[in-house]
């Protein structure tokens with residue numbers, strides 16, 4: 001149960017942070033956001049705000065999306081002769097067009113629609129008491145569709161394709177950007193929770209409770225200067241010295257550890273503990289505990305994580321295998337394991353997954369943010385927009401590829417995790 005809760009929390013935070021990036025910058029760029037969705041498939045919960053944005057929580061944990069005006073099949077069709085009820089504002093502009101038999105306004109004006117333009121001229125024409133009349137439509141007017149769904153109209157100036165190239169570019173990049181920011185923030189938080197960043201340049205150590213060094217009398221912040229005569233000036237020197245000193249170590253044998261404690265030099269016999277095929281003496285690198293050190297430590301962890309992911313991506317390109325990929329099932333399995341190991345493991349996993357999600361979404365494949373950014377760049381270079389039909393076909397092809405890949409990865413994950 002703890003694993004499921006951890007998975008839901010991690011998944012929810014990653015998706016919300018990612019999609020909020022798209023949502024926020026779309027709004028800032030003047031684009032009308034139709035829907036902010038967490039998950040895919042059937043709706044579990046929905047809410048419409050005053051700005052006309054629908055917020056939905058959906059059943060399948062396969063990502064999320066921000067649907068913007070002008071994307072796909074976004075046009076509202078009103079057939080000639082359709083009965084409608086118009087609600088006017090104080091200026092005489094239509095603020096609501098009701099095509100349903102519900103949500104009726106007693107002050108509304110009945111009309112049989114004969115023509116309309118809700119994108120450019122913002123007008124609606126029809127028969128009112130057998131007389132043809134035309135009314136101006138307010139820029140933020142809403143339409144109540146036949147099924148009772150109320151949505152805002154989308155004039156050309158609030159549609160995605162008519163936003164500035166810079167606005168579209170930052171809107172597409174903002175999702176991955178938010179994931180990078182989240183990853184960095186969580187790594188910094190992790191370093192603060194751990195008390196600092198390991199100082200691998202120092203020979204000062206932290207002593208593990210009930211470990212070999214603790215039993216021999218070493219304490220936190222003691223300075224190991226030699227092991228079996230091998231000089232130690234850093235953590236790397238220490239690990240190498242332990243390996244050399246234990247290379248031919250027999251059962252019950254000890255090694256000599258020379259250390260400095262309170263300015264006094266001491267030498268003790270330490271019996272290393274064997275874990276798998278290696279020996280340890282029960283110490284960890286000391287911590288850099290300054291505020292700046294912790295901030296830089298978090299950034300260092302984020303950079304190291306990104307570098308690891310990029311290397312994995314390179315390996316995927318040179319030698320593709322489904323076993324190198326993971327979907328929601330693999331994410332659940334990792335969340336379950338992290339939950340058993342405590343908060344620090346959960347935060348570390350969340351940070352790595354967030355950076356992973358950011359990098360993955362920047363791959364220039366249609367349907368991913370990277371593919372949209374690539375088309376934005378091509379448009380900027382050509383200085384003319386790509387045809388909507390062309391962009392739609394490219395995106396559809398990308399979606400098809402991603403769906404097939406997701407099904408294959410999920411099936412592979414199920415077989416690997418549960419069987």
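Placement of Cβ uses the backbone N, Cα and C atoms for every residue, glycine included.
In Swiss-Prot, the annotation transmembrane segment applies to 169-191, one of the ranges 146-168, 169-191, 192-214.
For the ranges 343-365, 366-388, the feature annotated in Swiss-Prot as transmembrane segment maps to 343-365.
Swiss-Prot assigns the feature transmembrane segment to one of the listed ranges (272-291, 392-411), namely 392-411. Within its own chain, the transmembrane segment (301-323) is flanked in space by residues 180, 183-184, 187, 190-191, 351-352, 355-356, 359, 363, 408-409, 412, 416, which lie at least six positions past its ends and keep a Cβ under 8 Å from the stretch. Under the DSSP three-state reduction, residue 19 (active site) is assigned to helix.
Counting every protein chain shown, 20 other Cβ atoms lie within 10 Å of the Cβ of residue 19 (active site). Applying an 8 A CB threshold to same-chain residues 6+ apart, the list for residue 18 (Zn(2+) binding site) reads 64, 175, 176, 178, 179, 357, 358, 361.
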